[in-house]
Structures are given as structure tokens and as C-alpha cells.
Amino acid sequence: MSEAHVYPVKENIKTHTHADNDTYLAMYQQSVTDPEGFWNEHGKIVDWIKPFTKVKSTSFDTGHVDIRWFEDGTLNVSANCIDRHLAEHGDDVAIIWEGDDPADDKTLTFNELHKEVCKFSNALKDQGVRKGDVVCLYMPMVPEAAIAMLACTRIGAVHTVVFGGFSPEALSGRIIDSDAKVVITADEGVRGGRAVPLKKNVDEALTNPEVKTISKVVVLKRTGGNVDWHGHRDVWWHEATAKVSDVCPPEEMKAEDPLFILYTSGSTGKPKGVLHTTGGYLVYAAMTFKYVFDYQPGETFWCTADVGWITGHTYLIYGPLANGAKTILFEGVPNYPNTSRMSEVVDKHQVNILYTAPTAIRALMAKGNEAVAGTSRSSLRIMGSVGEPINPEAWEWYYKTIGNENSPIVDTWWQTETGGILIAPLPGATDLKPGSATRPFFGVQPALVDNMGNILEDTVAEGNLVILDSWPGQMRTVYGDHERFEQTYFSTFKGMYFTSDGARRDEDGYYWITGRVDDVLNVSGHRMGTAEIESALVAHHKIAEAAIVGIPHDIKGQAIYAYITLNDGEFPSAELHKEVKDWVRKEIGPIATPDVLHWTDSLPKTRSGKIMRRILRKIATGDTSNLGDTSTLADPSVVDKLIAEKAELV
């Protein structure tokens, strides 16, 4: 592909930043040569009830994987996110809520948030919730979702948030695995102008005979829609909080007490319950938020993620609030009621830092200048990308069109399992290359290894991305299945955390994530990441989105099968077919030319916007007898449509 353009650090950022390049290099060096000293100092970014004296006790050894940080310290997460700001900033805005309907919005100050969290903490206690109990949240994107999470942390309950788009089957599986005691939900959610039947889904999930632990369901009235009511079990939020005190002292928690379980889909079998603990997670969330987004006091931060994903946990709730930031909770979608909604929200709330996903960026990019019509976005200072590698063309569009070429982009690489960002630029320190996540965060030691686990020492290299030592935000185990934790992350390459991603490192030591290792093609002995070919395809001015899978080929081993979605107003033709193949040949080389072009107007995506490649692989190879779990798909009907289109290709 064409050589990346380099964007130097902007002068206006350089003059007022937490870390310039010299600071980054010095801090990073200390963080990897003396992690104990580094985190002993920076662990103090949060307030401790009992200060820690032990910083790090970690092992990646087979059979003895054990991760503990700050283990003899005690603290409370909600006190760090709320109480410690009250004396000086109690009247400052903590949460801005922007409803699905642009006419709906409200704010909560830290004082107001404190009162609501204390009341709901007491309401949870009234429902029998005690320290260590698991509480399941199945909520719309409303302030009460944040209030419920913070209330759990206040009383020492463990929350497990299930994205409100998941099916009753997916919800019941997570309730069963986590032994949750209480479910918190709403009558309905609202998204893109449509009602989401949350309470109905909970009722259905709880009919599963394997669900044996739920004693209460707390229901928030969001729309006032009709719901079935089970008097012995169901409780209205407004009634549960009406008569309780608004004083609730925070529970003193050990650093290694569980904070939350968040489920991520496993490649096989049941979902994995990723367990994060209290001290290390909060330190890492606060630290990465402050430095990666170069957060300055008084700024407004908007992470567009749902609270049901790790990005929503770390960079919508805990990271911003621990730093006393104003955080925006957005109920809607970026293109409703019109394509410029995201830009309108930026202007309306004078957003300084915007953090969104390549999927959203590409969807807006397909609409061209409509995405910014009638808006200035002049308040933006920093923009971020999360969820998957961002292709250079989408990066450039985001930078130029949304950001007016004024805001550096922090392209962040991390996972549910990592708790926070592992590789990303720092705005005041790192020259940017579109498509590269650039350099590791403090304390993170990435390496590239070959398939035998040998570390590739050369600066320029490509291989499997591993992390050589622990960091505070790392998950501690798979809930209830430590052996699965070891097998999944530490058995492929001994003594290393395997990310399951591939990456290449360039001459400047920058990392370029090439995609999941199982998304690597081997065509005539040439290894290629699917992300690289997809990037080349979406660089074509007529293509909105592309997904690449490999299919068996008698001669080449694998052939390249491309699913392609065109921009509005473009249509497939024999000329375009040839043009697209020639384009990839020019961008990457003949070896990367797709063998099959499958034109379609929609791809199978999970509700978080990730393309479900497993299904695309099966459709491409004609193996559609067992497509596995499709409960997490946003629109399951896409699958039948793709199968029908495939039949016409043959």
C-alpha cells in the first residue's frame, strides 16, 4: 500500500500537554525497567483508603498464571468517581445525557450524581444485595445506567452489564454463568426512533429453567410502555428509591476484590466472563484516560460507545469520572434523525474530545459532506478511534471532514481483556500515521513473535502480537474458569499474553494491527492480513465497506473472497468489477487481487458494529448447515440474504 503520510504533533497541543515526546520516552522507559517504582508513584492517581505497599505480584507461567496489583491497598470506586470531587467541584457537571430524540437532554452535577447513587445503593441493599453479590444490568443508555453501575461499586456488588441489544437467550446465558442475584432493566429502551422491549426480553430470559438465582428485577420507567408485571419479583426503580436515605457510606474494598464481569463472545462454546478487579482497573482507567486523551480540567468528553461494552465501562464511566471530567451519555445512533447528528451533538455540547468507532466513521463517510452539514465542530481538540483497526482513508476523512484538520486522532488498540488502552499515540508526544496505533502505553511491553513463539528482534517485523508482562488493567481470570483463562491467553506462547491479533512494526517502531490472527490469509505461500486488503478496497471512492475471507483453492491454498458494500448511488457492473480488481492489484499487488467479488448492501454485524467474519467464511465456502450462535447479530435476516446472493454467484 502507498506509504503513510506523517502528521507531526500540532504546536497548539505541544504547548499545553501532559506529555511531550521526551516525557513519554522517559516515563515509558521507567515503566518497563522499573514497573514497581513507576506504578508505586502513578497508582496514587486514585485515592486509597488504606494505601498499598505491595505494587506488583504477577506471573504468566503455565499452570501458575496469577495477576495481582496493589493487593494490600483498599479503596472504593464510586468514592473515586464522585465523592472526591464534591468539595471543589460538586456543582460541576458530571454527566450530560443526550436522548435519542434531539429535544431530550439533561445534566447531572457531581452533587446530584452523588445523591442519586447513594439512594440507589440503599435501594439495592433493600432488595437484598450484599457485598460480593452479582447484579446484572440490561439497560438503555440513560443516566440511570451509570447510576446503577456506580451504586454497585459503592456497596461492593459486582456488576455484569449486558448490552441492551442482546437477545433473551444471550441474556439468560450471562445470568446463569454469573449467578446474578438481581436484574436492573427498563420498561423499554429507545434507539434510532424505535422502542427496544427490554423488560419483555428480561421476562423471557428468566423463563429459562437454568436461571435459578434471580430474586428481584428493578425496572426503570423510560417510555411508559406496557409491561407484564410479576408482583413478587418486579420492583419499579422510582418506588424503590422513593423512601430511602440519600446517604450511603462507600464500602471499603480490597484492590483485588472483583469489580465487574463483562462477557465477550468466545470463538467456541459459551461466552467468556472477563473478570476485572477494583484497584488495578481503576488506576489504569484513570491513567489511560488522562494521558491518551490528554484530558485537561473542564473539558467535555464524548465516548459514543454503549455501557454494555468495555469501551463504555472504561471511557464513558470510570476513566472520565475518576478524572472529574464531563462525560456525555448518548442514547441514540450517529445517523438519527439525520446523518449530521453526531456533528450536531458535538456543537450542541461543545465537545472537546470525541471517541468513536471506525464502523460509525465509515457509515458517515459513505454519506459525504451530509455528515457535517450545518455544523462547525470547532470545539474539538482531540479525536479517537476504537474497536478495530481504522483504515487510512477513513482516518483521513475523520481528520479532515469531522476534525477540520485541527484535532489529532488517537487510534487506540486494546481489548475487553486488557481493561484499557494498550497501544495508542499520545497527542502531545506522537507523530501520527493514518492506520497505525503507533506506540505502547506506559507499562505495556508488546512484542511480535513467529508461530513458534520466537521473539522477532528486528525493528521492522510482522508476526503475532503478544504482551510480555502484566499491566494494572489486565483481566484476572475468566469468571469461574481459571483454566480457560490460562488456555485462551497463555498456552499458545509460553510466558506471554497472546492477544490473538497480528501486527507489523515499522522502521519507527510503530505498531500496525493487521487483524485477528484467524483473519490471516495464506495465498500461494504469502501471508496477508484481511485488514490490509479491506483497507485497499475501502480506499476506492465507490466502496463504503468491505470484508475479506479466505476460501479453499486447489492451487493457491486459499483464494480471496471479498464482500463489498458500495456507497449510496453506486451500483455493481462489469466495469466496476474489473476496476475494483485492478485497484487492489495497484494498491497491494497481484497476489492480493480478490478472486470473488460479492456485492451486497449489508454485512452481518454484531450490535457493537463488528463484522461477524465466522459467518462470512461459512457462507463463502458454502458451509451453511451450522452457522453457530447468531443471537448477537444486529439483523439476523442479513444472513439469508447473503446466502441467496451467493447462490446467484455460482
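Placed from the backbone N, Cα and C atoms, the Cβ positions cover glycine too.
The CoA binding site annotation in Swiss-Prot covers R191, G192, G193, R194, T311, N335, S524, R585, and the record cites sequence analysis as its basis. Feature annotation from Swiss-Prot assigns ATP binding site to G387, E388, P389, D411, T412, W413, W414, Q415, T416, D501, R516, R527; the stated evidence is sequence analysis. Annotated Mg(2+) binding site per Swiss-Prot: V538, H540, I543, in sequence order, evidence recorded as sequence analysis. As annotated by Swiss-Prot, N6-acetyllysine applies to K610, with the evidence given as sequence analysis.
Annotated pair R585 (CoA binding site) and I543 (Mg(2+) binding site), C-alpha to C-alpha distance, rounded: 16 Å. Cα-Cα distances to T416 (ATP binding site) place T311 within 10 Å, out of the recorded positions R191, R194, T311, K610. Among the binding-site residues G193, T311, H540, the ones whose Cα sits within 10 Å of the Cα of G387 (ATP binding site) are T311, in sequence order. Nearest in space to R194 (CoA binding site), taking C-alpha to C-alpha distance over the recorded positions P389, T412, V538, H540, K610, is K610. Neighbour counts of Cβ atoms within 10 Å were compared across the binding-site residues N335, T412; the minimum falls on N335. R191 (CoA binding site) sits 27 Å from W414 (ATP binding site), taking the CA atoms of both as reference points. Note on proximity: among P389, T412, V538, K610, the recorded positions of the record, the Cα nearest T311 (CoA binding site) is that of T412. Classification of K610 (N6-acetyllysine) by DSSP places it in coil, neither helical nor stranded. Nearest in space to G192 (CoA binding site), taking C-alpha to C-alpha distance over the recorded positions P389, W414, R516, I543, K610, is K610. When every Cα pair among R191, G192, G193, R194, T311, N335, S524, R585 is compared, the largest distance found for this CoA site is 49 Å. Per Cα geometry, V538 is the residue among the binding-site residues G193, N335, V538, H540 nearest to W414 (ATP binding site). In this structure, G192 (CoA binding site) belongs to neither helix nor strand by DSSP; it is coil. Counting every protein chain shown, the number of other Cβ atoms lying within 10 Å of the Cβ of R585 (CoA binding site) is 15. Sorting the binding-site residues G192, G193, G387, P389 by the number of other Cβ atoms within 10 Å puts P389 first. Cβ environment of V538 (Mg(2+) binding site): R362, N391, E393, A394, A544, E545, A546 lie under 8 Å away, each six or more residues apart in the same chain. Ranked by how many other Cβ atoms sit within 10 Å of their Cβ, the binding-site residues T311, T416, S524 place S524 at the bottom. Cα-Cα distance from K610 (N6-acetyllysine) to G193 (CoA binding site): 22 Å (rounded to the nearest whole number).
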